[in-house]
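K.L.:
Would you mind keeping the following structure in view while I ask a few things?
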Ligand code: GLN
């Protein structure tokens with residue numbers, strides 16, 4: 001049985017492992033999820049999910065448990081890592097809209113994420129997202145029901161990042177005006193798009209919560225990423241660790257102020 005680590009400091013780690021009804025996510029696709037709380041536990045897994053929750057709190061707990069160096073090493077080694085929502089913020093090289101004092105990031109995913117881009121808890125929403133890449137790899141419908149809870153959005157990506165889903169927003173939102181969606185006047189808006197799902201090599205990021213739906217395609221997509229990476233490494237006869245260890249560490253842990 002395949003094994004995936006799930007960072008279990010805070011947030012929706014259990015939903016990734018088993019789902020509320022023990023029907024969803026990893027368990028539904030026959031994968032064992034292991035809760036990760038200590039750096040040394042990362043040695044027992046070859047891939048990792050960083051769940052949604054509250055990224056500032058999660059970062060404080062990760063600092064307390066001295067997890068950041070091991071998490072950064074895990075990403076740099078080329079191991080598959082998927083961040084959902086707060087987990088996406090963790091993986092981003094840069095985050096904006098953080099609490100005063102900023103927070104540490106793991107980094108590795110070449111993008112800028114705006115924390116709470118879509119507003120507060122009461123502005124949470126669900127939307128059908130076109131997901132052509134997911135549908136072509138995993139089959140099923142051309143859209144995926146995204147559950148956005150105090151969700152971040154990706155505002156910029158580097159050249160190596162593949163965009164897997166985006167979402168329309170009024171253009172004004174991207175010009176640094178009032179961040180509250182409620183305050184937007186209708187009819188006088190041009191539409192732009194923000195990015196809500198990306199992949200860069202071994203890293204996957206989704207601004208929404210696939211673990212809260214019964215559609216397991218993102219979980220199986222992530223699992224296949226692991227298989228692809230292992231196969232590519234064995235074809236080139238170079239261990240994954242060695243092939244990527246010369247990469248520069250991301251410049252990501254300066255505090256970023258709002
Ligand atoms: N915006 C939240 C944060 O900053 C993340 C929300 C979520 O994971 N549902 O942590």
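Cβ from N, Cα, C; glycine included.
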K.L.:
Check TrEMBL: it lists 53, 54, 55, 149, 150 as binding L-glutamine. Then name which of 27, 79, 115 it lists for that same site.
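P.N.:
Candidate listed by TrEMBL for the same site: 115.
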K.L.:
In terms of Cα spacing, which of the active-site residues 85, 209, 211 are within 10 angstroms of residue 54 (L-glutamine binding site)?
P.N.:
85
K.L.:
For the recorded L-glutamine site, enumerate neighbouring residues of the same chain (Cβ within 8 Å of the Cβ centroid of 53, 54, 55, 115, 149, 150, site residues themselves excluded), in sequence order.
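P.N.:
These residues sit around the L-glutamine site: 11, 52, 85, 86, 89, 116, 151, 152.
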